[in-house]
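J.: One structure, as structure tokens, below. Some questions next.
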Amino acid sequence: MSAETNKGPVLGMRHVQALLIFLNITTIFIGRLNVGVSVVAMTNAETTNPDFPEYDWTEAEKSYILSSFFWGYIFTQFLGGYLCKSFGVKSVMFWGVFGSGVCSALTPLFIGFGEWQAYCGIRVLMGLAQGVIFPCIHQHLAKWSPPAERNRLGALSHTGIECGNVSAMFLSGMIAKSSLGWPGISYVSAGVAFFWCALWFLLAANDPTESRFIGEKELQYIESSLKHNESYHATVIPIPWMAIMTSAPFLALLIVRCCENWGLSTLQAEIPSYMNGVLDMDMKSNAFFSALPFLAMWCMSYIYLITAEVFLGKSSVSLTVLRKTYNSIAFWIPAATLVGIGFLDKDQKNFAIALMTISVGVNSAQTIGSVLNTIDLSKNHASILMGIVNTAANFVPIATPLVVGWIVEDNSDRSQWQIVFIIAAVIFFVGNCIYLVFGTAVTQPWDAEDYLQLKSPELSHKPYKVTITPNIN
């Protein structure tokens, strides 16, 4: 049965895999981003639970803590792309999340005997564990998503980013205020990670042919729609490194993702400090209003998804035009609002919160705009592309808190925050301009299975002999 007549079940294992990825992203973002609230709670116990230790850390020391996760994260991005080809997505993602959960569980203990230096150390280890995950996610989506559903399944699963942001900021603030105190933030994060590992172990599969639960109709639908040869899952497709690294669309994607990470990491890591210092908000209010922009981001992500499906369903725009339009919304509107935020203080608190919410909320269009572009350019090398992009892009969040710590010497000085926000706005604007000129959603020639006629058995996670065969279209 052809892919045109067999549409597969309305709900199937491909949707279960997308749900697992959504929960995965939510889980790792809770562990990654709760540090912004945790640091405020640990250095200002009066606004949370005074029964737990308070630390007198300088702004520079706080900036080291906020950036330390990415010191480890950048080193395992590329490794993650290689490992998921060698051992399969299921194993690599399981151990990545499990390791992150262990780091969360140990965080209060480390802080107790080593203060901010030990906190940095455990965050580096967490970054190393989580670094392998996103390359695996994109490879998993490429193998499980029929082309007609790729944008939908990819965007739905990536709404876990927004869900994780909201959970990390809002729930962390509530936990810090409760009887669990700031250590409870880490313990809850660890519990969520271990629960996800159990679900993943039971329900995940490297590809549709390995799933124990998939029906024959859905299996045929996915495999036929991907239009690869019968031995695809047993075949190693050599990586065309030179073609990738000299590809203008890929380099444009690389640049735009770096620019996105600068702007968003500024907002993610610094919102609690900005609201506490400039807007003079206590932790309880801080937790809610820090989460509010990301709640808007989560809601907007579904609006963007629905409108994108309408546009693509009617064939009114090409996928390339859709991606560039959504990315422009995601970059240029926040660029304008960030400039405005810098000129407000606690007397315009409500207006500042509104602009912050708009800035972060509309930025969720970047998932459809550029995040999924790795799979557009090359479904066969999606994990490698994501490994390269995330390695480069995640150097940025290392620098962002350090730059903020260097600029903002007085947390309550509005003029210092103006500089931070203007820098982010300029980077947003320029990055999208480059993507508009050179970006595309067209599959690149070097994605072809027979682009290079080489054998690389060490990259196969299958135990049997590897062969290279021509692509059947």
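Using N, Cα and C of the backbone, Cβ positions are placed for all residues, glycine too.
According to TrEMBL, the record shows the following:
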type     : residues : note
DOMAIN   : 20-443   : domain 'Major facilitator superfamily (MFS) profile'
TRANSMEM : 21-43    : transmembrane segment
TRANSMEM : 63-84    : transmembrane segment
TRANSMEM : 91-110   : transmembrane segment
TRANSMEM : 184-203  : transmembrane segment
TRANSMEM : 236-256  : transmembrane segment
TRANSMEM : 287-306  : transmembrane segment
TRANSMEM : 326-344  : transmembrane segment
TRANSMEM : 351-372  : transmembrane segment
TRANSMEM : 384-407  : transmembrane segment
TRANSMEM : 419-438  : transmembrane segment
J.: What parts of the chain pack near the transmembrane segment (63-84), using Cβ distances under 8 Å and only residues at least 6 beyond its ends?
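T.: Counting only partners 6 or more residues beyond its ends, the transmembrane segment (63-84) has Cβ contacts under 8 Å with 32, 35-36, 39, 57, 92-93, 96, 116, 119-121, 123-136, 139, 269, 383-388, 390-391, 394-395, 397-402, 404-405, 459, 461.
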J.: Of the listed stretches 91-110, 184-203, 351-372, which one has the most C-beta pairs under 8 A with the transmembrane segment (21-43)?
T.: 184-203
J.: Restricting to the domain 'Major facilitator superfamily (MFS) profile' (20-443), report the mean pLDDT as a whole number.
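T.: Reported value for the domain 'Major facilitator superfamily (MFS) profile' (20-443) is a mean pLDDT of 85.
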